[in-house]
Structure formats: C-alpha cells, structure tokens
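Q: To start, I am sharing the structure in question, which I have written as structure tokens.
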Amino acid sequence: MGLSPQLAAVLLCLLVCTGNYARRQDREAGLREIIHNLDQVLKKETPCTEMFVPDVLIATKNTTEKGLLCRATRVLRKFYFPREVTPCLKNNSGVLSILRKLCRSISTLHPQESCSVSTPTLTTLNDFLGRLRGIMQMKNWQG
C-alpha cells in the first residue's frame, strides 16, 4: 500500500515548485525592503549624505552584478565600525540605523565573497545610494 511511482513524481514536482516560489517571494520581499530603506535615506536629505564614499558602482566590462553588490556591501559595512562613523551620522542615528540595515539586507541577498573596493574615485553617499537604488529596482523588475 505504498505510493505509485507516478504519484511520488507528481508530489516531488509540487514540492520543488512550491519551494522555488517561496524563495522567489522571499527574494522579492528583500528587494522591496532594500528599495524602501534606500528611499528613506534619500528623502531625509541630511548633510550626512554629502559625505564621500568610494565610487564602487561603476560597472566595467568584467564586473558582474554580484561583484557590484559585494563592493556596495563593503562600502556600507564601514558604518558598522564606531571609529569610522562620522559625527554627522552619530547625530543622525536614524540614517545610521538604515545604512546598517541596508548592509545586512544586501549581504543576505548576496552572501559575502571576496571583493576589493580600492577605487581612486569618490562619490557622495547620496549619489552612491541613488545608483544602488537603481540597481535594486532593475533586479526587482527582472524577477
């Protein structure tokens, strides 16, 4: 009185499809949260967003999306270290909290791999976050 092979195959397919759907939903929710957090920081318009950060979101020929997000996470991670947090961000704890949340969310989407952020060019945090928002929106639309 066991399962027929056909029924077992159908049940296995349903299980796999359900798992893929759930993972896709989690990923989409994560992307929406990241975009929402980026919007929150960009709307605040504090002087803190005029600070300079490495311009790591410049895509070159060999740059993958995963590589860009790895470098973006490295830039955002610097806001975790108290000695690297500027006085402006210390006085705007809401912005600092969102930047830390962004770092966690992005690193959850793409677990950390080894990447370098040594770039001679700088950009404002505001421009960096705006470009990061564009990348996240493209990922969200591509599904």
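Using the three backbone atoms N, Cα and C, a Cβ is placed for every residue, glycine included.
Heads up, here are the entries from Swiss-Prot:
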- 1-19: signal peptide (SIGNAL)
- Cys48-Cys88: disulfide bond (DISULFID)
- Asn62: N-linked glycosylation site (CARBOHYD)
- Cys70-Cys115: disulfide bond (DISULFID)
- Asn91: N-linked glycosylation site (CARBOHYD)
Q: How big is the gap, in Å, between the Cα of Asn91 (N-linked glycosylation site) and that of Cys48 (disulfide bond), rounded to a whole number?
A: 9
Q: Restricting to the same chain and to sequence separations of six or more, state which residues have a Cβ under 8 Å from that of Cys88 (disulfide bond).
A: Thr46, Pro47, Cys48, Met51
Q: Could you give the Cα-Cα distance between Cys70 (disulfide bond) and Asn62 (N-linked glycosylation site), in whole Å?
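A: Distance between the two Cα atoms comes out at 14 Å.
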Q: Provide the number of Cβ atoms within 10 Å of the Cβ of Asn91 (N-linked glycosylation site), excluding the reference atom itself.
A: 12
Q: At the Cα level, what's the spacing in Å between Cys115 (disulfide bond) and Asn62 (N-linked glycosylation site), rounded?
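A: Approximately 13 Å lies between the Cα of Cys115 (disulfide bond) and that of Asn62 (N-linked glycosylation site).
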Q: At 10 angstroms around each C-beta, which of the recorded positions Cys48, Asn62, Cys115 has the fewest other C-beta atoms nearby?
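A: Relative to the other recorded positions in Cys48, Asn62, Cys115, Asn62 has the fewest Cβ atoms within 10 Å.
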Q: When you measure from the Cβ of Cys70 (disulfide bond), how many other Cβ atoms are you left with inside 10 Å?
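A: Around Cys70 (disulfide bond), other Cβ atoms within 10 Å: 21.
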